[in-house]
Amino acid sequence: MTTLTGAGVRASSLADRIVDSPAGYSGIEADEEWIAEIQRLKKERNATILAHNYQLPAIQDIADHVGDSLALARIAATADEDTIVFCGVHFMAETAKILSPDKTVLLPDVRAGCSLADSITAEELQAWKDEYPDAVVVSYVNTTAAVKALTDYCCTSSNAVDVVNAIDPDREVLFLPDQFLGQHVKRVTGRQNLHIWAGECHVHAAINGDELEEKARANPDAELFVHPECGCATSSLYLVGEGHFPEDQVKILSTGGMLEEAGRTGARKVLVATEVGMIYQLRKAAPQVDFEAVNRKAACKFMKMITPAALLRCLTVGADEIHVDPETAQRAARSVQRMISIGHSVPVSQ
Ligand code: SF4
């Protein structure tokens, strides 16, 4: 049985099985029936589905494009479809809306937030700017639209170093909100006039040096892929410095960089320090390599809120729609456009 839901979209009885609870939408298996229904609804809405590397495998498999924040922002900016369904977290869908204000941007569950984006508000950033009125503000893309509107350059982990290197070396830089990425950028650029906000992502901060050291000692021949947002990025460099781990076996990489490196590595085993969803893409990119998470519990509950049920509901009823105040969007667009024009990133198209 089908019913009309508006915008010419027909809902099937499969949608009746969706269960809504404070933990998110559930009750739907990612089976053949679900796949066919998602494909049909996507066509009826003239939508494209973008999925972040940390999404559940079923969501990654059905998406039109899978990638890191930067790759997906670039795709969102040039998409031909009327509707962008962003399978990721709130700030990512907001960024897509900033880049494509005339399109409908849907996030399958508006409750999918980000602890890192929540670690600085627009008011806190304004107060920091007032302390350093001549500084250039560089914000990691994990920020709200209001923070982006007060930002000169946005960046992601795949182009943060390039963005900071593109700024006049004599200007002071305010880097926010991630302290671990900030320390990585400071180390690589050697820039002393870079001030770092003390924010962190609870998932990445939980991947700590002790776990890393234990795994590294148990697997002396393995390579180590470390995301610069991880609390262990500093520990991995310490291990190298102490001679516990050869320098050429440690790679500090963005999620896009990890996928590139997976295709090149000659290692049989790779320890991966980032959110566990990344392992799925890495195994697809290099099935011959044994990828193991440094911390198997490092799962982002916000990313995992985009379930098969949430995506089905989203395409059936056209929700949750993301709106950004036009003036804020216009100011934020400047810093986001600068981000997408600097550096590179690797999308995986399906
Ligand atoms: S893994 Fe961390 S930074 Fe990424 S969305 Fe989740 S809370 Fe935010």
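The backbone N, Cα and C atoms fix where each Cβ goes, glycine too.
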Given TrEMBL lists Cys114, Cys201 for [4Fe-4S] cluster, the same-site residue among Cys155, Cys300: Cys300
Further iminosuccinate ligand in TrEMBL, beside His52, Tyr140, Val141, Asn142, Ser157, His227, Pro228, Glu229, Thr255, within candidate set Ser69, Ser115, Ser119: Ser69
Other CB atoms, at most 10 A from the CB of Cys300 ([4Fe-4S] cluster binding site): 22
Pairwise CA distance, Tyr140 (iminosuccinate binding site) versus Cys201 ([4Fe-4S] cluster binding site), rounded so that it is a whole Å: 12
Among His52, Cys114, Tyr140, Asn142, Cys201, Cys300, the binding-site residues whose C-beta sits under 6 Å from ligand 1: Cys114, Asn142, Cys201, Cys300
Under 8 Å by Cβ from Cys114 ([4Fe-4S] cluster binding site), counting only residues of that chain that are 6 or more apart: Val89, His90, Phe91, Asn142, Cys201, Phe302
